[in-house]
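J.: Features from TrEMBL:
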- B:T38, B:G39, B:D40, B:R150, B:K156, B:N179, B:D180: ATP binding site (BINDING)
- B:D176, B:D180: Mg(2+) binding site (BINDING)
- B:204-455: domain 'P-type ATPase C-terminal' (DOMAIN)
- B:233-253: transmembrane segment (TRANSMEM)
- B:265-286: transmembrane segment (TRANSMEM)
- B:319-342: transmembrane segment (TRANSMEM)
- B:354-373: transmembrane segment (TRANSMEM)
- B:380-401: transmembrane segment (TRANSMEM)
- B:428-449: transmembrane segment (TRANSMEM)
Amino acid sequence: MAMNYNAKDEVDGGPPCAPGGTAKNRRPDNTAFKQQRLPAWQPILTAGTVLPTFFIIGLIFIPIGIGIFVTSNNIREIEIDYTGTEPSSPCNKCLSPNVTSCICTINFTLEQSFEGNVFMYYGLSNFYQNHRRYVKSRDDSQLNGDHGALLNPSKECEPYRRSEDKPIAPCGAIANSMFNDTLELYLVGNDSESTPVPLKKKGIAWWTDKNVKFRNPSGDTPLEERFKDTAKPVNWVKPVYMLDPDQDNNGFINEDFIVWMRTAALPTFRKLYRLIERKSDLHPTLPAGRYYLNITYNYPVHSFDGRKRMILSTISWMGGKNPFLGIAYIAIGSISFLLGVVLLVINHKYRNSSNTADITI
Amino acid sequence: MGTPKLLGATAIEDKLQDGVPETIITLNKAKIKVWVLTGDKQETAVNIAYACNIFHDEMDGIFIVEGKDNETVQQELRDKMKPGCLLESDPINSYLTTKPKIPFRIPEEVPNGTYGLIINGHSLAHALEGNLQLDLLRTACMCKGVICCRMTPLQKAQVVELVKRYKKVVTLAIGDGANDVSMIKAAHIGVGISGQEGMQAMLNSDFAFSQFHHLQRLLFVHGRWSYNRMCKFLSYFFYKNFAFTLVHFWYAFYSGFSAQTVYDTWFITFYNLVYTSLPVLGLSLFDQDVNETWSLRFPELYEPGQHNLYFNKKEFVKCLLHGIYSSLVLFFIPMGAIYNSVRGDGKEISDYQSFSMIVQTSLLCVVTTQIALETTYWTMISHIFTWGSLGFYFCILFFLYSDGLCLMFPNVFQFLGVARNTLNLPQMWLSIALSMILCMLPVVGYQFLKPLFWPVSIIDRIHHCMRHPLPPPIRTKLKHPSSRRSAYAFSHKQGFGALITSGKTLKTKLPKQK
């Protein structure tokens, strides 16, 4: 009788099954996963969580920002632009193209002495090492010492792939445009006697680059022999196996070359050139006084409005002089604190007027 | 031969399923209009309507349209309409005269009371023609409940199509018999009830279940959750891709507009596929704003979906602006951190590969924080997906930038040693922390202020009340029909014959609309 019909008894929506057979139960399992009843944490943004967050962020960020800013301010740095585009600059004579190897000298004075390790950088501006065609113009297998790639460089290196009917080693536009100015630093003593400042040329590249990524082609023969069927890059004066008499810094593992091959992200950058190691705790590494910089001006940048400069800098745990992070942290910390106060006021005013009582039905 | 002797009487009771009146009341609370399209005779249909609360005794009026020809039907419909609307400067009348090409949508009109409409199949055959269609629709839409009785299956489909064509609504058709199939197929959503009448309705429907009251769960629990999840998914997906892509736009200003990518090519490959796919999948599968008990208790929660509040053009623009802001933060903070700068041991930090690494790690941290802020229902699986994806990114990073892989394929995997040299830099973690906080604070502030200044619906107040135990359900008093109403009817009226032979129920080919 239909009166006693109870839908819950029916498990199958289809026609009734034969008596004696197993009813196919299409009801889904009553597990928490399938019925979407998994235990869960349901956070709600209330005033009690949001406002302390703003205040805590403010209170944490401002001291961090001050610390970074103070650290950055304590770093000593001097930048000397030696492009030579101004007529009064000593390097102006090097701009004309018919002078092959021009030497110019720039005098400068250090107001304060530099303590600890001092790092000497060369910096370039308006030089787009991050241009897409430039970035891909290299062959990392060749730079890793692969013999096949040495003689048959990748097509990405075009048009710097072959020259004089021989493969170029190292190929590509990045290697071709390697920075080749030579910078020497001299200290002018009290008696006008100049002493050269000792510059260390090894230890300037990343360890992984020098020891893993860049390798000379293997072999027992001298380096020149291993490169014998290759040509030097078009704009280079010396081939790659004559970059440095020290065999640990020659060929592809020359550290200046490695530093140059690590392309910069932005058009204004600086690259580590030399290290000036600290002498002892008693004497500053670079005492205050007069110095002059001897430049062998080989690298032309004025045709694309680029600029060259030499930078001397001390270093902290945060790196060089860069107040950006310090200022940003202080700014964001203050803004966060202010917003916390504003939200506190708004919350106080509006919550009291709106109804947060239980919902009435 | 004597006079006939009454031997007895048989009666068949078609019992309503459990829970039907409560379901109809809940649907009405959610501002869902319920129309009954049935093949039964008028008396049966009206009695059923009273039994399941589509009509109730307190209604201001019940209109019956019984005309047998066009003019009478039009007169009846227009007469019913008059109490509730203006007839001068009517958009309908101007539409009927000009017939514009763009699809015409009838605006919502508010009646001045609760009314019911009863129309039978024969009158409907006239009312579904030409000009009368719109009169029928306007009258019917202003009524709280509509009963169409003595309908053929074709007419059921025609009524549904009429509503779909001229009103900006979503239609759901639910039926259990083979005569409901055309209606189920015509509506936006077709629901088949499996039961005594066979499998036809089920096989042709989008959803099928066995009890009418399951419709409540379908709409208010699963439908609502599904809508919320889709909207969150869409807005998050657009946001993370805007943040990802627009960084290249800002970088173009600094790379000579040469289309150099900021990220490693492997990161670009894996970003949408591996690093950010699982958390958003978890969000789309498990997220709930309120649990099912509350969803069923408060049908008003269904309203935002009806008005398309959670993902529309405005929300998309908000998403776009948020993505632009995030991309600005993600590019300029790392750029400022490494600009013309060096590491703690004096060596290179502002190279392309380190910059790329800092930006991509910041991006992943920011989008992970964003989905963490959007997830309101944290199951164990959500935790695993969200934090696990970030951890997985670091594992893949070490693998892709490892010596072994990079030495095997130097031209394909070029980022040898970058992970080791960059992940121990304080500048990197400080800039990531700054980017995360800068991207997170506006979102948190907005989510905090929005319920105060622009409350959407009851949902904003519900969230605060969820801390307290659910108030006991107020048993909605079912209005029992007065004793003279019953679900019984006499089968003494004529059947369908005249309607079918009139030819009005044959489907005509509609002229192609250019």
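Here, residue 1 is simply the first one shown, and the rest follow in order.
Cβ atoms here come from the backbone N, Cα and C positions, even for glycine.
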J.: Would you pick out, from the binding-site residues B:D40, B:D176, B:D180, the residue whose Cβ has the largest number of other Cβ atoms within 10 Å?
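T.: When each Cβ's neighbours within 10 Å are tallied, B:D180 leads.
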J.: May I ask for the residues of the chain that lie six or more residues beyond the transmembrane segment (B:380-401) and have a Cβ under 8 Å from a Cβ within it?
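T.: Sequence-distant neighbours of the transmembrane segment (B:380-401): 264, 266, 270, 274-279, 281-283, 286, 361, 364-365, 368, 371-372, 413, 415-420.
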J.: Looking only at C-alpha atoms, tell me how far B:D176 (Mg(2+) binding site) is from B:D40 (ATP binding site), rounded to the nearest Å.
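T.: B:D176 (Mg(2+) binding site) and B:D40 (ATP binding site) have their Cα atoms 14 Å apart.
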J.: Using only the Cα atoms of B:T38, B:G39, B:D40, B:R150, B:K156, B:N179, B:D180, which the record gives as binding ATP, return the largest interatomic distance in Å, rounded to a whole number.
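T.: Largest pairwise Cα separation, rounded: 13 Å.
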J.: Find the member of B:265-286, B:319-342, B:354-373, B:428-449 that has more C-beta pairs under 8 Å to the transmembrane segment (B:233-253) than any other listed stretch.
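T.: Looking at each of B:265-286, B:319-342, B:354-373, B:428-449 in turn, the most contacts to the transmembrane segment (B:233-253) are made by B:319-342.
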J.: Over the domain 'P-type ATPase C-terminal' (B:204-455), what is the model's average pLDDT?
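T.: Overall, the domain 'P-type ATPase C-terminal' (B:204-455) comes to a mean pLDDT of 92.
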J.: Ranked by the number of other Cβ atoms within 10 Å of their own Cβ, which of the binding-site residues B:R150, B:K156 ranks first?
T.: B:K156
J.: Can you see whether DSSP assigns B:D180 (ATP binding site) to helix, strand or coil?
T.: helix
J.: Using a Cβ cut-off under 8 Å, which residues of the same chain at least 6 positions beyond either end of the transmembrane segment (B:265-286) come close to it?
T.: 229-230, 232-233, 236-237, 240-241, 244, 356, 360, 364, 367-368, 371, 374-375, 377, 379, 381-382, 385-386, 388-390, 392-393, 396, 400, 413
J.: Setting B:T38, B:G39, B:D40, B:R150, B:K156, B:N179, B:D180 aside, what same-chain residues sit with their Cβ within 8 Å of the center of the Cβ atoms that define the ATP site, listed in sequence order?
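T.: What remains near the Cβ centre is B:L37, B:C149, B:M151, B:T152, B:P153, B:G177.
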